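Here the structure is laid out as structure tokens; the discussion comes afterwards.
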Amino acid sequence: RYLYRQLHRVEKELGSLGPSGFPYPDKYNTAMQQVQGIKGLLELNHPSSSLETAPINGSTSLEESRGSPKKCCQGGLPWWFVFVGWTLVIATSGVSGYFTMMYGLTYGKERSISWLISMLVSFFESLFITQPLKVLGFAAFFALVLKKEPQLDKSLQYTGTLTLRDFLKWVFQKQIRRDSTCSFYQPPPPTDIEKMRNNMVKEQKVFALIREILAYAGFMWMLLLVAYGQRDPNAFFLTQHIRQSFSKGISDSMSIHNVFNWANTTLLSNLFGEYPDLITDGNSKLVGNARLRQVRVNKDSCHVAFSMQQLKRDCHARYSWELENMGSYGPGWSSAVADNTSQNCDSAWTYQSQGRLRAYPIWGSMMLYRGGGFVVDLGPDSQYSSRALQYLYDNTWIDVYTQAVFVEFTVYNANVNLFCIVTLMFETTATGAFQFRSELQSVRLYQSAGGLHIFVMASEAIYFLFIFYYMVVQGKLMRQQRKAYFRSKWNLLELAIIILSWSALSVFIKRTLLGKRDIEYYQKNKDQFASFHETAKADAVLGYLIAFLVLLATIKLWHLLRLNPKLHMITATLQRAWADISGFLVVMAIMFLAYSIAVSGFPQLTSTGCSICPSGVPANTQDYNPVLGAFLIGSCIVFMTFVVLNLFISVVLVAFSQEQIHHKPSEEEEIVDLMLMKLGGLFGLKCKKESGDDQREKATLSN
């Protein structure tokens, strides 16, 4: 009835308007025929009496329709019950909060404060993180899924006797001819077609860019999870605890007597605790026995001046692999060869290779030592070990030809599920005094079965799925570009990440197999020294590979940061100034090496370089030669800091000013703007798109 009244009203308005109110008279006839046709359909499907009794005035019907809900709701509550409802809500919340607070006070002050803090953190997390994400998610869902269907505006025409069947047949089957001569149906100009084609290409690049960003974000996330999963934060505390426990009684310069005194007191008291097979802390188990190993040099191995040969009959040079003593001796380093099968300590006088000891070369503070040497295993308890040390001391196992003494053992802490491979070394530079150095490495050989381990394994699997994806992408690029593929540094970076990832996987498998082998060896030979050095080396290599992967992935992040206009300008500036920068780097390297003329007087090149970097020259140079030291320090500060570095900064600033003048905005900046517009439209945000004239004007003003 309401529709019939509205159609009657429209027909009346059309009649009062007349054909003169339309630009084309046929439009008036078409509109009148459509209205009359729909009215005829209503008259066919509904009794004429119900339509005729309906009031014609639309305003009264609207008032009745508006008044109808009031009639249906006359039996409800009064309007002032809204205040009653709010009062009940506030009272219920207040009473519940009061009793909850009173109940929380029974836990004590600390637990109550912790509970209150957790509740506040949960509230603000829900307020600022969870709920906004939920709103954005629903907005995206309604914008993408529950879209409003487009309404088609078609002009309908019908002539003849109107029936329901004929009308439906006319609506769904009749083809309406359009006037092809109308300007509305003419093709757009070529410039508009070209603009639409460019927009289509840009949209494709936008989606490719979004796909690249999302893929890289997921790849970087999985890589960081894998990197953090391979390292345990408790490893630092375990190594620090063991290093501090075994470093008591250590001085900067120790004699042979001091070394044996430290071994009988600090070493034995920390190796053997109150409980069997546990060290002194009571939490770490000693895996196998501890081992003492020393490396020696041959007698008369140094070159003595001719004038001093009569005064000094015997001397020894500093340790080197060529001068290392690899012979077999008797007790007290006598020429009689001892029977190694008679007593465990007798093997201390016979050289054993690093292959037999399952050891590897080790870096000390002075130099690189071979993994072999003269070895003696300490016993399973404190009494046996004390007797072995006394035997070695009485027979001068450590003498003037000893260049380094190593104390090697392995402990396992079940609380943190970590093995700690410990190497304590005493080194000498042929001067007779020993210096202490420790090297500890924690390794996880038993993979835990907790939820964190499952999460890390899932992250590793997803990471290699990303590697497969990048392999497919790089394979397609390699097939398309062929030789030009290897000229792009970013392609080489991707290739390096893929190769290093598979290398890390192979090292991970090798570390697992080596750890299983070492544990099986310990289970079969619990009364001997269990060497985990090869497993520790594999774990160290794995750590280096993962660290290098994180470095390359971070460098790859710079490739994505090119989308930022400022960072793109910085990159262009460095490219413009690269020729001058490379020249200055060569000059700085030459000057750095020129001030390292005394490098042979230091134990290692790395420590010398680290001491040179902060102040330009080693800190104790002036103590050796006050005049030359002051000259070196002063000239280094003047040339390295004030001259070279200032020139380096000037070159970068000049290149930056030139880049600001000649900078050309990249096409990717427009793609980023279009991507931001797409993302804004996805969440219902309207972004104003700048025209080309506005962008050129802004660029002119900035320049």
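Every residue gets a Cβ built from N, Cα and C, even glycine.
Taken from TrEMBL, the feature compositional bias 'Polar residues' covers 49-62.
The region 'Disordered' annotation in TrEMBL covers 49-68.
According to TrEMBL, the transmembrane segment annotation covers 79-101 (among others).
Marked as transmembrane segment by TrEMBL: 113-146 (among others).
Among the features that TrEMBL reports, transmembrane segment is placed at 206-228 (among others). For the transmembrane segment (206-228), the residues of the chain that approach it from at least six positions outside its boundaries are 455-456, 459-460, 462-463, 466, 469-470, 546-547, 549-550, 553, 556-557, 560, 563, 668, 671-672, 674-675, 678, judged by C-beta separation under 8 angstroms.
Marked as domain 'Polycystin' by TrEMBL: 253-446.
In the three-state DSSP scheme, Cys302 (disulfide bond) falls into the coil class. Per TrEMBL, the feature disulfide bond maps to Cys302-Cys315.
Annotation source TrEMBL lists transmembrane segment at 452-472 (among others). Long-range neighbours of the transmembrane segment (452-472) within the same chain, counting only residues 6 or more positions beyond its ends whose Cβ lies under 8 Å from a Cβ of the stretch, are 215, 218-219, 222-223, 225-226, 229, 494, 497-498, 501-502, 505.
What TrEMBL lists as domain 'Polycystin cation channel PKD1/PKD2' is 453-657. Confidence for the domain 'Polycystin cation channel PKD1/PKD2' (453-657), expressed as mean pLDDT, is 81.
Annotation comment: TrEMBL describes 492-509 (among others) as transmembrane segment.
Here TrEMBL flags 541-558 (among others) as transmembrane segment.
Marked as transmembrane segment by TrEMBL: 578-598 (among others).
The feature transmembrane segment is assigned by TrEMBL to 627-656 (among others).
Ranked by the number of CB pairs under 8 Å to the transmembrane segment (492-509), the listed stretches 79-101, 541-558, 627-656 are led by 541-558. When Cβ atoms from all protein chains are considered, those within 10 Å of Cys315 (disulfide bond) total 15, not counting its own. Over all protein chains present, the Cβ of Cys302 (disulfide bond) has 15 other Cβ atoms lying within 10 Å.
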